[in-house]
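Sequence annotations record features per position, and here Swiss-Prot assigns disulfide bond to CYS119-CYS152, CYS285-CYS294, CYS306-CYS315, CYS318-CYS338, CYS343-CYS368, CYS371-CYS380, CYS383-CYS401, CYS404-CYS416, CYS406-CYS423, CYS425-CYS434, CYS437-CYS451, CYS472-CYS544 (among others) based on similarity to another entry. According to Swiss-Prot, the domain 'Laminin N-terminal' annotation covers 47-284. As annotated by Swiss-Prot, domain 'Laminin EGF-like 2' applies to 341-403. Sequence annotations record features per position, and here Swiss-Prot assigns domain 'Laminin EGF-like 3' to 404-453 based on sequence analysis. The feature domain 'NTR' is assigned by Swiss-Prot to 472-600. For ASN95, ASN116, ASN131, ASN417, the entry in Swiss-Prot reads N-linked glycosylation site.
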Amino acid sequence: MMRAMWEALAALAAVSCLVGAVRGGPGLSMFAGQAAQPDPCSDENGHPRRCIPDFVNAAFGKDVRVSSTCGRPPARYCVVSERGEERLRSCHLCNASDPKKAHPPAFLTDLNNPHNLTCWQSENYLQFPHNVTLTLSLGKKFEVTYVSLQFCSPRPESMAIYKSMDYGRTWVPFQFYSTQCRKMYNRPHRAPITKQNEQEAVCTDSHTDMRPLSGGLIAFSTLDGRPSAHDFDNSPVLQDWVTATDIRVAFSRLHTFGDENEDDSELARDSYFYAVSDLQVGGRCKCNGHAARCVRDRDDSLVCDCRHNTAGPECDRCKPFHYDRPWQRATAREANECVACNCNLHARRCRFNMELYKLSGRKSGGVCLNCRHNTAGRHCHYCKEGYFRDLGKPITHRKACKACDCHPVGAAGKTCNQTTGQCPCKDGVTGVTCNRCAKGYQQSRSPIAPCIKIPVAPPTTAASSVEEPEDCDSYCKASKGKLKINMKKYCKKDYAVQIHILKADKAGDWWKFTVNIISVYKQGASRIRRGDQNLWIRSRDIACKCPKIKPLKKYLLLGNAEDSPDQSGIVADKSSLVIQWRDTWARRLRKFQQREKKEL
């Protein structure tokens with residue numbers, strides 16, 4: 001009965017392999033006109049769902065590396081059969097050079113025909129401690145369901161199955177078979193499997209009987225008896241346990257009748273060898289639920305045909321720009337597809353941030369990198385400094401952000417309101433870009449205060465508010481007519497400045513004029529600077545028109561350094577020279593300034 005079941009399994013696996021080999025090839029062109037098959041990775045509504053590659057015999061047609069094969073040189077071997085209690089031997093020649101008498105490793109993974117068995121065979125009597133190994137490379141990671149071997153010889157007394165997850169660099173045990181588990185593999189016999197050790201190999205004496213002498217089967221199920229097998233989707237331990245890139249079978253001890261040391265021991269020893277008609281590794285290409293098939297890439301390597309925005313040989317990572325949530329294996333309940341970062345079409349790269357993902361309630365963790373089109377932010381969702389949103393365009397538009405264009409002098413900074421585009425204006429400046437003076441202000445030459453208040457002229461001049469003393473003629477001599485500026489006058493004074501009278505206020509015995517110093521042609525120890533300052537003149541000097549000053553006018557002021565009443569500003573008196581400004585004087589005063597520097 002077991003033999004019949006095995007034959008059915010082998011035939012099914014062979015047919016599956018043949019179908020898989022021709023899938024997608026020219027042989028299907030005759031069906032091109034038929035309706036397209038439903039997408040296994042999406043449901044009827046187009047939503048992602050788990051998909052897995054077909055179950056196959058991953059060993060079919062693949063090369064197997066063996067440590068021993070008979071026939072080099074040609075050698076005799078004898079097949080033992082039993083008739084009642086009588087033991088018969090039929091001897092033959094194994095010759096690797098003769099295809100009809102050869103038993104190469106290719107027979108392990110060819111199409112298994114029960115009516116025409118082909119068997120790989122080892123050299124005779126390679127007994128413990130000498131091993132015979134079969135090593136099969138699957139070409140990529142597979143999730144292995146079973147490993148089976150059908151024998152042409154008696155089954156081994158002891159053998160082990162190993163797996164590699166790193167293409168043969170390291171090996172871990174998968175299963176041990178022996179009648180002497182402790183002696184051969186230092187393992188307990190049929191140790192119980194619990195959740196704590198379900199990822200470990202066990203040793204059993206099942207399938208180790210010598211009989212049948214031919215046609216015996218050893219089949220190892222990777223999940224049989226493992227406690228978490230019923231919840232495989234949620235068991236990373238078992239998912240790792242069934243994963244393999246390579247399978248190795250190590251035959252450790254031959255079964256014998258105990259006659260190998262008798263008189264005709266040579267004949268007996270020629271009867272003991274390992275011979276296998278079929279090696280199968282049943283499983284699926286490992287794609288973590290994100291692919292329905294495996295294909296050959298440009299390098300002829302077997303890789304998953306990844307879906308759900310995943311990438312990698314096993315669809316084990318998210319493809320670029322799909323990092324809004326962490327990669328996860330698909331399950332029967334959730335496809336766990338990778339999600340694109342939300343960058344509003346302004347970025348081509350992003351990264352995943354676990355902290356942000358947790359803060360969002362495990363919904364979004366993508367952070368956009370190198371936002372373009374003058375955008376900024378985690379999602380490129382606002383305009384960078386110096387730009388504001390054009391509400392007439394969607395945020396995904398290439399020109400969703402407009403330049404603020406804040407005036408370099410009138411604005412207090414380059415950043416404008418993200419919604420209105422209003423720049424931060426300095427005092428007295430207005431306009432969206434701060435490009436003009438507000439009402440009641442006039443432009444100045446100061447980059448610090450480009451707009452100043454327009455002073456309200458008093459009903460009378462400063463001089464008319466003070467009664468002129470009777471002795472003005474003896475006190476000072478008011479200037480009359482036009483005055484000339486020469487180098488002598490320039491040199492006699494401590495400072496020479498161009499001023500603009502803004503307003504005048506009475507302060508006890510003084511008049512305080514708010515002036516804007518437009519240009520400085522000479523300065524003393526007080527280090528006069530351009531901009532708004534106070535000009536102090538005694539009331540008696542103003543009353544005698546020494547000097548004569550009117551608000552809102554521009555003057556050339558040459559005077560001597562004196563202490564002002566409030567220790568700020570400059571002082572003018574009857575000896576100061578105050579002349580209404582002429583633009584032609586600027587060049588002459590610069591010459592005076594240069595000549596004075598040369599003479600120093």
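The backbone N, Cα and C atoms fix where each Cβ goes, and this holds for glycine too.
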Q.
Within the domain 'Laminin EGF-like 3' (404-453), count helix residues (DSSP H, G, I), strand residues (E, B) and coil residues, in that order.
A. 0 helix, 12 strand, 38 coil
Q. Around CYS371 (disulfide bond), how many other CB atoms lie within 10 A of its CB?
A. 21
**Q.** Alpha-carbon distance [CYS380 (disulfide bond); CYS306 (disulfide bond)] in Å
**A.** 29
Q) Among all the protein chains here, how many other CB atoms are within 10 A of the CB of CYS315 (disulfide bond)? A) 26
Q: Given the disulfide-bonded residues CYS294, CYS318, CYS434, CYS437, CYS451, state which is nearest to CYS380 (disulfide bond) when distance is taken between Cα atoms.
A: CYS318
Q | Cα-proximity to CYS406 (disulfide bond), 10 Å cut-off, over disulfide-bonded residues CYS371, CYS416, CYS451 | A | CYS416
Q. Of CYS371, CYS451, CYS544, which disulfide-bonded residues come within 10 Å of CYS343 (disulfide bond), going by C-alpha to C-alpha distance?
A. CYS371
Q: Enumerate same-chain residues with a sequence separation of six or more from CYS285 (disulfide bond) and a Cβ-Cβ distance below 8 A; give 'none' if the list is empty.
A: PRO53, VAL56, ALA58, LYS140, LYS141, PHE142, ALA291, ARG293, CYS294, LEU302, CYS304
(Q) Let's check the environment of CYS472 (disulfide bond): how many other CB atoms sit within 10 Å of its CB? (A) 17
Q. So of CYS383, CYS544, which of the disulfide-bonded residues has the fewest other Cβ atoms within 10 Å around its own Cβ?
A. CYS544
